[in-house]
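**Q** First the structure, then my questions, so here it is.
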Amino acid sequence: MLENLFKLKERKTDVRTEVIAGFTTFITMAYIIFVNPTILSTTGLDKQAVFFATCIGAAVGTLIMALYANLPFALAPGMGLNAFFTYTVVLQMKYTPQQALAAVFISGIIFVLITAVGLRQAIVKSIPQSLKHAMTAGIGLFIAFIGFINSGIVVIDPGSKLPKFGDFTAAFNSFTNNPDINKSIIASRGALVAVIGLLIIGILIARRVKGAIIIGIIITTIISFPLKIVDLSKFKFGVEAFKVSAFNFDFAGLFSAHNQGGGIGAVLLSLFAIILTFTLIDMFDSIGTFVGLADKAGMLDEKGDIPNMDRALMSDAIATIVGAIFGTSTVTTYIESAAGIEEGGRTGLTSLVTGLLFILALIIAPFIGLVPSQATAPALIAVGVMMISSIKKIDFNDFEEALPAFLTIVIMPFTYSIANGISAGIIFYVLVKLLRGKAKEVHPITYVLAILFILRFMVIAH
């Protein structure tokens, strides 16, 4: 049965190899079940419900990839996209979490339609490679900055409003003077624990230990217990640990004018930027990940194409819809799938095992509230380091490419907005090409995006 379903012999693999590969992929990316609830709960969403949505979104998406596309790729809520959801759409643009989930749902529908009618290639080709790499690097820098803030390693000075190092002295003094434990001491200890966690994760990754990030999260959480950083009251019992919040959408509020303080034009431009950002990042990230993983697995054909590419993209798009229904941000394909491929995974059986393990992960729901932000923050920083490595693919000797790419990267953390970075990068790319007399080098779709993003900035300024 497994042979007929997954074509194991054709891809020169066996059941044992695929099972080991699936387990390896799960261990490598399982950190998301701790990190995603921490990020999304900042918006007011229930942490237990987000944990459930994360596991189910990852499981369903990965199982669809296994059974429909027969590829060893695993899916889960995307890092970067969850940050955009939380810090840009909800906290900065003042949409409610329910409205943001509605936007994620719509972006998933759009991704399905784009894939179904074959528009994906045109859209992907419309954005220059330098900007694609800059988007990844910028999101990495943004995620790392969030990690530093969440951990307390970096704090915002209340006077100057500028970032500065957190206070570590209170933590050291508390170990020697044995004072009453207050919030400032706990915050200081938390920052110190986060530094230790970052060192642990960094060393494990450098030594190529499988599951380095989740191991680091667990060890850092354990260290946090005797330091009184962990809030034991957040341990959930019974039914309370398994909260489900399905179809938690507010479409009416999403399309209302009160969010942006303007007319329907302002609402539509704002909504356009949100949905486009969700869709573009998911699409570019997925396609880039597919190509990289398929190349690593030796699955590219003579034209450089991936078998079942359209099915893989459709699986990714459907997973986003399912994730939004259960209450999480965009679900996308994880580059961590490379760990399973490295172990010999070549078919959907690898993904089947990974998907089933995400379902089994639901049993740790009672403990999810015990993982402090200081334990997940080092994971954000580590993922940021991995993502920012894309910067080396940008040709900074060519200033026409370098300037838009640079603006894309730095504006994301400087304005706390992934959408602002993408908008600025595309606008400046078009302007630089026009002023250099190279208008024909710009894809028509890129012109349209630049005009719409300019209108968006005008609305924001107004």
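Keep in mind that glycine also has a Cβ here, set from the backbone N, Cα and C atoms.
Nobody curates TrEMBL annotations by hand; they come from automatic prediction.
These figures come from a predicted structure and were not determined experimentally.
The transmembrane segment feature in TrEMBL is assigned to 20-37, 49-68, 74-93, 100-123, 135-156, 186-206, 212-230, 263-281, 317-335, 347-369, 403-432, 444-461.
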**Q** Which sequence positions outside the transmembrane segment (444-461), separated from its termini by at least 6 residues, show Cβ-Cβ distances below 8 Å to it?
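**A** Residues 122-123, 126-128, 260, 262, 265-266, 269-270, 272-273, 276, 422-424, 426-427, 429-431.
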**Q** When you look at the transmembrane segment (100-123) alongside the transmembrane segment (317-335), do they share 3+ Cβ pairs under 8 Å, ignoring any pair fewer than 6 residues apart in sequence?
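**A** These two stretches do touch.
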**Q** What same-chain residues lie close to the transmembrane segment (20-37): Cβ under 8 Å, and 6 or more beyond its ends?
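**A** Those are 47-48, 50-51, 54-55, 58, 72, 74, 76-77, 79, 82, 210-211, 213-214, 217, 328-329, 334, 336-337, 339-345, 349-354, 357-358, 361, 364, 368, 371, 375-376, 379-380, in sequence order.
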**Q** Which stretch from 49-68, 135-156, 212-230, 347-369 shares the most C-beta pairs under 8 Å with the transmembrane segment (403-432)?
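**A** Stretch with maximum Cβ contacts: 135-156.
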**Q** Is it the case that the transmembrane segment (135-156) and the transmembrane segment (74-93) touch, counting contact as three or more CB pairs under 8 Å in which the residues of each pair are 6 or more positions apart?
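**A** Yes, the stretches contact each other.
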**Q** Going along the chain, which residues at least six beyond the ends of the transmembrane segment (347-369) come within the CB cut-off of under 8 Å?
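**A** Cβ under 8 Å, 6 or more out: 2, 5-8, 11, 13, 15, 18-19, 21-23, 25-26, 30, 33-34, 37, 47-48, 51-52, 55-56, 58-63, 65-67, 69-74, 76, 231, 234-237, 241-242, 340-341.
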**Q** In the same chain, who gets a Cβ under 8 Å from the transmembrane segment (212-230) while lying at least 6 residues past its ends?
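**A** Here the qualifying positions are 27-28, 30-31, 34-35, 181, 186, 189-190, 193-194, 196-197, 200-201, 204-205, 370-372, 374-376, 378-379, 382-383.
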